[in-house]
Each structure stands twice: as structure tokens, then as C-alpha cells.
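A.B. asks: Attaching a single structure in C-alpha cells format; questions to follow.
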């Protein structure tokens, strides 16, 4: 099948809002609104609640865990001494999303050891009944974890407390109990973690703390996701058709154009709006519903990650396509399309699909592992400490570098033909370039991860994706009435200056919907 021409439309190109509202005043207002939206996102993000809470774990008698743990086997041999500690966790709610508990061991006095081998056995019991009361291993509840792990405790030079090492995490399960009891037995297998003195029992001083998601952040994100979701639905389906359809939804206006006559970029934007709808996670509140099973909650977390990765990869591919449309339109009008260029375009399609599919795959697997199967830290900035996550980050950064170079070349080639691009479409090209920069930066710093490092990162990058797609959806929607005739279109076309006029819509080459039509632009 001819991938480049299988979905070409037979009618005139669709007249869009940006064709109608193309005055300097209209474009200035559009840019001002766009900049004000960015400023608003910055303000909202800077005032948002903290993402994570970190608290010191305390024993069942209320004391801080920064004290000597209980020796279970007095008179033990060096290398076989066991120390225990019970930590109750109470007043948990599903909106806290996860629990990560870590331990630090105090450097034994009089030693210079920088590492020590230990074996930790962690038993976790959960209870969701109000009458439960914490009480060590007799805690009245259900077994959540019972596992052992050998690890190395490490101290930096001159540091009193060791580096954190993982003790317990609820992942991949959501928080389903409002009370937990963590019972820890630590065996000093190397005989270096505890303090040993002649004629007395060994002592081990350690402290535990836990990290969980701030429930205020969860509710804040939930509220704004609903706002963005409603905004997307309005952009898609607003029924207000007065004022020449200036406030009508994208799909409401596109009803006036046969699907086969949708331009390439109109088809892309229609697909992006649908994906944006799910990118805004309409099922997010169900992750915290009381009657929702843990398996369904895990699935909902997984599907939110799928649509984040899908939206990012589709958006990046759209940027390559939009610039490629300009280049292709100009070359085809002046030179025609030779067999060699036809083959090049087909190879370019494969390259675009390959790059964007690679970004989707690595972003999806990276986010799933980091969010649901991570035993280290839930904070994105700490992922680089894990070798596996570092590998994912390196691959993603390489993909972003390839995309950036390709996109920069495409934009530069567009700039070379800037005199042939109508003012309105040039403005939208600038907006698209801004979003390209934001997407590359956002992916590189983890701003679109489901649990970002700061509320500012989440609001600014998440909101920017929504606002930009909304602007593109408004600008590229059909603006003409149903009774527009081919002759009236011809009058508009004659008025364009220069035989090489083209736009991000594809100008004189209306391409219809379909998987192949979506990718038929040149590099």
C-alpha cells in the first residue's frame, strides 16, 4: 500500500480558525493569553502542597526509634546477634498512596568500619478494622509482608549515621489498611554493625523513618486533573456555534468536513485530544475508593502510566510531522515528488514510528518499574542512585537527544522557508517549538512522572501540555460554514502570496485520517 498517498482527500483544504483570525491583533491576543496561562501555571505550582511527607518512625511505646534496639539473644556469638524493633503505623488513608520505610544504623563507637553486612527480616501486618490496636507480632490483622533481605550497611567518612537502606514498602499494592505494624529483626552477620564490648552484651543503635505521599497533594492533583479534564471536553465538544463557531468544540466544527478531507494535522490533533482526555486520568479518584479492590487500583495506576507515555510519544511525533509538512509542501510544489523522494518519505515514516515507539516503550517500562516495583526511594531525583533506573534514564536521554537534533534540523529548514509561511501558522509553529522544549525538558527531569518531585514541576509541565493542545485544537478546527463552496475556497486560495504558500495544516495537500495518513509528512 502507498503509505504516502493512500489517505489523501479529494476536496479543498479545510479552512481553519487560524485562517479567519489571522490579524496581528488576534495573534497578539493569542500569545498574550498563552503567556498569561504559563504565568498562572507557575503561580499555582509554586503554591501547591508538598508531594511527600517524611516522618520519624516510633516504637509502640511512643519513643523515637533513634535508640538501642532490643537484643533477642543475649550472650550471642559475634556474627549471630539479633536485634528487634516494632514500629506501628496508624491513621493511614488511601490518599497517602504508598509507604516507604528506611533504616539508618549508628556507627559503632571505636570502629573505623565503613560497611557492615546485615540480614533484615521484616514482618508486616495490616488491619482495617477500627478496634485493632498495635501490639507487636500479636497485632490483630492480616499478614502483608514476611521477607528477609541481606544488605550492606555503609557509612560515609566521618558520618555518624549510615546511608538509608530499605526496610519495607507497600508497593506494588496500594494502601488498603489504616493500621500497619512493622516488626523488624536485624542480624549483624558481619559483627561490625553493632557495638561489642568485652564482658557485656552488644548494642545496636538504629533509627527508622518513613515516606508517604502527602494526602493534600493527592487531593490537589485530583482537583486540577478534573479541571483539565473538563477543559479538554470543552475544547473537544463545546456546543456553542455562534460567532462563526469561534467557541465551538474541535469535533463539533469538524463535523462540517468529511473525514477523508481532514488535513494531516487536523487528524493528528483529533487523536491528541482523545489521548489528552485519558492523559488527564478521569479514573484517578477511583484509585482511592473504599469499594475498589487492590487489583483494580493497580490496574488504574498502570493505565495512567500508559497514557502518560502514549501522550508524550505522540506529542513528540506530532512535532516532527508538523514541521515536516511545511518542508514537504514547499518541495513538492516547486520540484514535484520524484521516486527517490517518495522512497525517502517512506523510510522517514519508519524512522518516526521507530523513534516514538522506542520512547513510548522505555518511558512506560521505566515509570511502571519506578512507581510500582521500586524498593528504593519514591522520589524521582533519587532514582539515579539505582543502576537499573540509571540505565533507563540514559536510554531516554539518548532518545531525547536524537529527537532534539532531528527536530532542530526540521525547524531550521522551516525557517529557511519562513517567507512562504502565513503569519498565523508561523505563530503556531513558535508555540509548537515552545512545547517541544518543554516536553524534552519535562521527560529529562521526570516532571511528567506520576509522582513528581515538586508540585511546581507537575503543574507547570502537566498544565503546559493541556494548554498547548487546547490552543492547537482551537486554531486548527474547521471555521467555515457547511454551505461553503469550492468557488469560495478558490477565491481564498488565489489571495495567498507566492506559489509556495504552505501551512502546518499541509496547505494544498489535505490528508485524511488513518494510521498511515498520520505519518505521511516528510522530515
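Glycine too: its Cβ is placed from the backbone N, Cα and C atoms.
Feature list, courtesy of TrEMBL:
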DOMAIN    214-473  domain 'Wntless-like transmembrane'
TRANSMEM  27-46  transmembrane segment
TRANSMEM  217-241  transmembrane segment
TRANSMEM  262-279  transmembrane segment
TRANSMEM  299-327  transmembrane segment
TRANSMEM  348-369  transmembrane segment
TRANSMEM  389-412  transmembrane segment
TRANSMEM  424-452  transmembrane segment
TRANSMEM  458-477  transmembrane segment
A.B. asks: Would the transmembrane segment (389-412) count as touching the transmembrane segment (262-279), i.e. at least 3 C-beta pairs under 8 angstroms with sequence separation of 6+?
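C.D. replies: Per Cβ check, the transmembrane segment (262-279) does not touch the transmembrane segment (389-412).
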A.B. asks: To the transmembrane segment (389-412), which of 27-46, 299-327, 348-369 is linked by the most Cβ pairs under 8 Å?
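C.D. replies: Ranked by Cβ pairs under 8 Å, first place goes to 348-369.
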A.B. asks: Which range wins on Cβ pairs under 8 Å with the transmembrane segment (458-477): 27-46, 299-327, 348-369, 424-452?
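C.D. replies: It is 424-452 that shares the most Cβ pairs under 8 Å with the transmembrane segment (458-477).
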A.B. asks: Below 8 angstroms Cβ to Cβ, which residues of this chain, lying six or more residues outside the transmembrane segment (217-241), approach it?
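C.D. replies: Those are 44, 48-51, 95-97, 247-252, 273, 276-277, 280-282, 284-285, 288, 455, 458-459, 462-463, 466, 469-470, 473-474, in sequence order.
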A.B. asks: Other than its close neighbours in sequence, what residues sit by the transmembrane segment (27-46), given a CB gap under 8 Å and a spacing of at least six beyond its ends?
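C.D. replies: Distal contacts: 21, 224, 423-424, 427, 431, 454-460, 463-464, 467, 471, 475.
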